[in-house]
Amino acid sequence: LVAYRALIMATVVSYASIFAPSSERAILMYYICGGLAGVSACFNIALVIRGYAPDSPMLAVMPPSAWVVYIFFGFASVAACAYDWKRERQLCLESVHLRKEFTGSFHDAQASEPMDRERIMADIEASGNLKYVNQAVEVLLRAGMSTPSLRAATARGGDVRGAACWSLGHVLAILLSWVVIPLANVVLDDSCAGQWRFVPGLKAAEGLAWLVIFATKQLDQRSFLTTTACKLAVVPYMLVFVLWISAALLLQLPMDHRNCVPDALSAFVLGPCMLALAVAGVAGTARLPVIGPHIITFALAWGRGTHPPPAALEQ
């Protein structure tokens, strides 16, 4: 039982690797998490097949069948993060190559026909929009794309460095934390009880609403949606869950409905925050007084490197 508890807790803690900044080291963490997930899944599948449930507090929180489902989605999100890392590395490499050929000033742009360059430059300077063209190009080089909302966020002081690359792994993590787990809590009735029994259902509804918003947003909004949801909702929820359950295990407290506090925090605080930022998007969030640009920078730039990994430059 001690080994089972340690294995499950190690698997849950290692899942935090999907939120690590993209790097060669992160790939190693994905492999470790995937290996632990595989061992944990095999162990729980064996318990399900045998119909045997050891007298363990961890299984009082979630039965083996639920752990199998959670581990499956967790493994899928880890695998997706490995793919995301490869895609983001390529995007960073392309950005470096662009900057080698272009300084960010439109005056340094080249054209295959010198006459075309002179004509285009004259038209832009005559329009008085040269400053805005340079700003648009700078956003393109920094974010990987240039759209009105990204330029507006940049003009207000936000750093939109990671706007072009959204993470499928993070979407699956949100699906797991805000849809799969609360729906399982509804079925198992192991979250809030009494008049608060609706809490996990409310959390699942918030998760589904976020997925609908994400699916309808333009490409330049998706990285912002996934990073804000993960950094401001999923990570705090996972941290509270691990600390809350760990404290209960150490103090040998009853495990019945132990999920209620993390779920209530998610449904009433973290979930609404996640949905509000998703609806506001990049431009709407950037317009928030004082904190708006800081939220943009925290969501899109914090934890992202300014250069591609060394392995990418060698290719």
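Cβ coordinates come from backbone N, Cα and C, glycine included.
Within the chain carrying the transmembrane segment (29-53), a Cβ under 8 angstroms from the stretch's Cβ atoms is held by residues 4, 7-8, 10-11, 14-15, 17-18, 20, 59, 63-65, 67-68, 71-72, 74-75, 78-79, 81-82, 85, all 6 or more beyond its ends. If you look up TrEMBL, you'll see 29-53 (among others) marked as transmembrane segment.
Look at TrEMBL and you will find 65-85 (among others) tagged as transmembrane segment. Remote same-chain residues near the transmembrane segment (65-85) are listed as 8, 11, 15, 17-18, 22, 26-27, 30, 33-34, 37-38, 40-41, 44-45, 48, 165, 167-173, 175-176, 180-181, 184, 188 (criterion: CB distance under 8 Å, separation of at least six residues from the stretch ends).
Counting only same-chain residues 6+ beyond the ends of the transmembrane segment (163-184), those with a CB under 8 A from a CB of the stretch are 18-19, 62, 66, 69-70, 73-74, 76-84, 87-88, 91, 143-145, 150, 191, 200-201, 203-204, 206-208, 210-211, 214, 219-220, 222-227, 229-230, 233-234, 237-238, 263, 266, 271, 274, 282, 300. Here TrEMBL flags 163-184 (among others) as transmembrane segment.
Marked as transmembrane segment by TrEMBL: 228-253 (among others).
The transmembrane segment annotation in TrEMBL covers 265-286 (among others). Within the chain, the transmembrane segment (265-286) has long-range Cβ neighbours (under 8 A, six or more residues past its boundaries) at 148-150, 152-153, 156, 158, 160, 163, 177-178, 182, 199-200, 202-203, 206-207, 209-210, 213-214, 217, 220-221, 224-225, 228-229, 232-233, 236-237, 240, 292-293, 295-296.
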Next item on the list: Using a Cβ-Cβ cut-off of under 8 Å, list the residues of the same chain that are 6+ residues beyond the ends of the transmembrane segment (228-253) and lie near it.
Entry: 5, 9, 12-13, 15-16, 19, 57-58, 61, 170, 173-174, 177-178, 210, 259, 261-262, 265-266, 270-271, 273-274, 277-278, 295, 298-299, 302
